[in-house]
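Participant: Please find one structure pasted underneath; my questions will follow.
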Protein chains: 2
Amino acid sequence: MSGKPIGVFDSGIGGLTVAKEIMELLPGESIVYLGDTARVPYGSKSPETITRYAFEGLNFLLSKDVKLVVIACNTVSATCLKELQENSNVPVIGVIDPGAKAAVRATREKKVGVIGTERTVKSGAYESAIKNMDGNIKILSKACPLFVPLVEEGWLDREATYLTIAEYLMPLKREGIDTLVLGCTHYPLLKPAISRVLGEGIKLVDCAKETAVVVKNTLEDSGLISRRIPAEGIIHKYYVTDNTEKFREIGEMFLKRKIEHIEKVRL
Amino acid sequence: MSGKPIGVFDSGIGGLTVAKEIMELLPGESIVYLGDTARVPYGSKSPETITRYAFEGLNFLLSKDVKLVVIACNTVSATCLKELQENSNVPVIGVIDPGAKAAVRATREKKVGVIGTERTVKSGAYESAIKNMDGNIKILSKACPLFVPLVEEGWLDREATYLTIAEYLMPLKREGIDTLVLGCTHYPLLKPAISRVLGEGIKLVDCAKETAVVVKNTLEDSGLISRRIPAEGIIHKYYVTDNTEKFREIGEMFLKRKIEHIEKVRL
């Protein structure tokens with residue numbers, strides 16, 4: 001059982017930031033990644049459509065005999081995590097709770113900003129999670145739908161990017177937040193740009209890193225952690241619903257390593 | 001036969017710019033609009049996936065007994081128009097040829113710029129169409145993937161928008177284009193901003209307007225044009241694959257009229 005892979009589901013390519021953190025924290029684990037690139041992005045779609053797509057993704061990963069599933073997509077985690085958990089025979093971990101916990105630990109002024117896709121922000125999932133841990137924290141949310149296309153265009157260090165960041169985030173800074181949750185898997189790539197605009201005083205919470213820690217703890221607690229690296233080495237597999245070339249190209253920028261085993265599938 | 005509606009297919013909401021021009025030019029015609037909002041955008045997807053989705057859309061419209069189909073989406077028109085035409089028993093009109101013709105008429109220096117999604121630009125469809133009409137025209141293409149999210153965010157008049165436009169288009173201006181084809185249905189909403197950045201000297205070709213003229217001519221040539229307005233008035237119907245509320249909200253901004261009959265369907 002402990003030799004089985006970890007499944008990671010995302011609407012597209014962004015979940016690779018989560019996969020990367022898991023690979024670094026748990027070098028003995030192999031990953032089966034599924035990116036629904038034919039239907040990406042999910043962030044502006046309705047809860048019903050997102051839920052239908054998410055179940056197709058979960059079932060695909062379960063068919064690959066994974067020991068645990070990570071819902072790397074904030075939008076899916078915010079929309080239907082509980083339903084996915086209730087319909088899975090292996091643990092299902094989302095990215096909201098780990099990010100919320102880190103924010104609660106980080107804030108001193110008890111003023112936290114949360115940014116994400118339209119759907120993630122509308123769901124109020126981070127707010128509920130944070131409020132459940134500390135009812136005194138004030139939360140300011142903002143949907144930033146232009147950040148994902150900016151990252152995918154590779155505009156990580158351009159004037160237009162800095163202006164867009166300022167337009168979205170300066171109002172939150174003026175309100176006095178001291179912590180900002182990057183509630184979308186693409187956003188860690190904008191960390192340097194966001195830091196430059198907001199200055200050093202605001203702590204950025206990267207949900208990918210926090211989620212990897214929860215994955216490690218869950219595997220250890222349930223005795224599912226891999227104790228030895230197989231003789232043939234660790235093999236990560238990537239499945240996508242649209243063509244593999246573009247995923248490979250942008251994906252290697254996210255992952256900072258080669259993507260070797262990749263296959264196009266239909267959900 | 002002439003009393004049947006015109007079908008308009010788009011990957012999402014942008015095709016409403018084409019629907020709007022048809023409504024204005026042909027006030028006696030009713031429209032059945034299909035927007036595949038659950039899977040939008042198509043522009044960064046592979047030709048195989050786009051073709052599969054386009055056939056599902058075409059077949060849906062044919063099931064609604066339309067007399068003509070307009071492929072309002074540049075990406076689909078650039079990818080598989082011919083295959084759609086060969087598999088339809090009614091005329092199928094794309095947006096590329098009308099736009100290309102207008103560009104050929106407009107250019108004096110014989111230097112034309114073409115902008116669109118990644119897929120439209122990669123397909124070379126505008127280049128081939130323009131070159132077929134006038135082999136002496138030089139064409140400069142540029143994919144502008146940030147324009148669609150800027151329009152959908154409603155950022156039609158912001159500093160970040162002007163900077164993004166300059167970043168994409170000033171190199172084309174420096175190369176001496178005198179005509180620019182707006183090869184994506186969302187782009188007409190950025191016309192004032194693009195004009196401001198490029199100045200008055202460059203003519204912008206709006207494919208939506210040009211396509212409406214081709215629709216009119218085709219209906220007249222084949223005797224399919226509607227000669228009288230029914231007693232109950234003209235009723236336009238809208239079908240979308242994701243939730244109807246968001247489509248209605250943004251759609252009325254595109255259309256500048258009310259969206260009354262709207263229904264969610266599954267392709």
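Here the Cβ of each residue, glycine as well, is placed from N, Cα and C on the backbone.
Feature annotation from TrEMBL assigns substrate binding site to A:Asp10, A:Ser11, A:Tyr42, A:Gly43, A:Asn74, A:Thr75, A:Thr185, A:His186. Annotated active site, proton donor/acceptor per TrEMBL: A:Cys73, A:Cys184, in sequence order.
Thinking about packing and proximity, how do these listed features fit into the structure?
Facilitator: Annotation note: A:Asp10 (substrate binding site) sits in a strand segment as assigned by DSSP. Remark: A:Asp10 (substrate binding site) has A:Leu16, A:Val18, A:Tyr33, A:Leu34, A:Gly35, A:Asp36, A:Ala72, A:Cys73, A:Thr185 as non-local neighbours, by Cβ distance under 8 Å and separation of at least 6 in sequence.
Cβ-based neighbour count (10 Å, all protein chains) for A:Cys184 (active site, proton donor/acceptor) stands at 28.
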Participant: Determine, for the substrate site, the additional residues of the same chain whose CB lies within 8 Å of the mean position of the CB atoms of A:Asp10, A:Ser11, A:Tyr42, A:Gly43, A:Asn74, A:Thr75, A:Thr185, A:His186; present them in sequence order.
Facilitator: A:Gly12, A:Gly14, A:Gly15, A:Val40, A:Pro41, A:Ala72, A:Cys73, A:Val76, A:Thr117, A:Thr120, A:Val148, A:Cys184
Participant: Show which residues of the chain containing A:Tyr42 (substrate binding site), separated from it by at least 6 in sequence, have their CB under 8 Å from its CB.
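Facilitator: Result: A:Ser11, A:Asp36, A:Thr49, A:Ile50, A:Tyr53, A:Cys73, A:Thr75, A:Val76, A:Thr117, A:Arg119.
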Participant: In whole Å, note down how far the CA of A:Cys184 (active site, proton donor/acceptor) lies from the CA of A:Gly43 (substrate binding site).
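Facilitator: For A:Gly43 (substrate binding site) versus A:Cys184 (active site, proton donor/acceptor), the Cα atoms are 9 Å apart.
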Participant: Within the chain of A:Asn74 (substrate binding site), which residues six or more apart in sequence place their C-beta under 8 angstroms from its C-beta?
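Facilitator: Looking at Cβ-Cβ distances below 8 Å from A:Asn74 (substrate binding site), excluding near sequence neighbours, one finds A:Val95, A:Ile96, A:Gly116, A:Thr117, A:Thr120, A:Gly183, A:Cys184, A:Thr185, A:Cys207.
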Participant: Please classify the secondary structure at A:Thr185 (substrate binding site) using three-state DSSP.
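Facilitator: SS state of A:Thr185 (substrate binding site) = coil.
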